[in-house]
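Annotated features in TrEMBL:
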- 12-43: transmembrane segment (TRANSMEM)
- 55-73: transmembrane segment (TRANSMEM)
- 93-112: transmembrane segment (TRANSMEM)
- 119-137: transmembrane segment (TRANSMEM)
- 157-179: transmembrane segment (TRANSMEM)
- 191-210: transmembrane segment (TRANSMEM)
- 222-241: transmembrane segment (TRANSMEM)
- 253-274: transmembrane segment (TRANSMEM)
Amino acid sequence: MEALDLQSFLLFAAGLAVTGAFAGVLAGLLGVGGGIVIVPVLSFMLEFLKFSPNVAMHVAVGTSLLTIIPTSITSLRAHNKRGAMDKDLIRAWAPYVAFGAAIGGIAAHFISGASLKSVFGFVALAVAVNMLLPKKIVLGEHLPYSIPFRLGVPGMIGFISSLMGIGGGSLTVPTLAAYSYPVHKAVGSSSAFGLIISLPAVIGFVITGWGEAGLPPLSLGYVNLLAAALIIPLTMTTAKLGVKLAHSLKPEYLKRAFAVFLMITSIRMLWPLFAG
């Protein structure tokens with residue numbers, strides 16, 4: 001990144017700024033978390049700048065997790081003002097989500113960039129298909145509160161989300177909806193889980209990536225501070241807009257459009273796996 005000429009840097013900055021703005025709106029509006037947009041774009045841009053695909057994907061995931069911290073705080077405060085936070089659910093799930101995220105943040109170091117792409121691609125594809133389904137999957141009328149359920153489901157949400165660099169809304173919202181949970185409270189509560197996931201996961205990506213060869217300049221382990229500085233201001237600003245839209249619109253058409261975008265992105269990331 002330090003060898004960039006002015007034109008290339010401006011292109012890089014503009015691309016990440018637009019990505020951050022779009023990601024913030026999605027985080028507030030759909031509860032999917034901006035990371036599901038940030039990770040593929042940042043990974044592509046770093047590879048375009050000649051960083052190795054393995055480093056690019058790890059840095060994209062780690063940096064995305066850092067951007068989720070302020071965005072989640074902004075989003076959860078806005079949802080809380082509207083009474084869309086289930087504090088009992090957050091207290092019940094938080095330890096398991098955080099534990100899963102911490103394990104994921106450490107485990108990612110031992111997983112290749114190609115494998116991280118595969119995890120991202122398959123889960124993103126599943127999220128896209130779920131968004132496009134005319135009828136939502138219903139597993140029960142009430143959310144289970146047993147210890148095995150909490151260990152398995154919230155823990156796995158934290159683990160997979162940290163490997164993908166997302167805030168957990170993409171997994172939390174459909175999971176809660178499957179147990180007949182009110183959608184607005186699911187979206188609001190998922191913003192709190194974004195913070196709970198990103199804090200331990202970022203620490204893991206910083207520690208395990210420390211001293212890694214071939215990192216972009218201004219990186220702390222697998223977290224790039226320059227990219228985060230370009231993304232965060234816009235995600236924080238537009239997350240508030242997304243929350244307002246979430247409480248004033250029926251975002252079905254936007255959901256479908258985003259699902260198609262997500263499907264194309266996931267197929268692009270998975271293509272090398274099947275093309276050999």
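Glycine too: its Cβ is placed from the backbone N, Cα and C atoms.
A TrEMBL annotation is a machine prediction, not a hand-curated record.
Residues 26, 29-30, 32, 36, 40, 114, 117-118, 120-122, 124-125, 127-129, 131-132 of the same chain, all 6+ positions outside the transmembrane segment (253-274), place their C-beta atoms under 8 angstroms from a C-beta of that stretch. Sequence-distant contacts of the transmembrane segment (191-210) (same chain, six or more residues past either end, CB-CB distance under 8 Å): 27, 31, 33, 58-59, 61-62, 65-66, 68-69, 71-73, 75-76, 79, 85, 90, 93-94, 97-98, 101-102, 104-106, 108-109, 157-158, 161-162, 166-169, 172, 219-223. In this chain, the transmembrane segment (12-43) touches the transmembrane segment (119-137); three or more CB pairs sit within less than 8 A of each other, excluding pairs fewer than 6 residues apart. Outside the transmembrane segment (93-112), and at least 6 residues removed from its termini, the chain residues within Cβ reach (under 8 Å) are 54, 58, 61-62, 65, 119, 150-151, 154-163, 168, 192-193, 196-205, 207-209, 222.
Highest Cβ pair count under 8 Å relative to the transmembrane segment (222-241), across stretches 12-43, 55-73, 157-179: 12-43.
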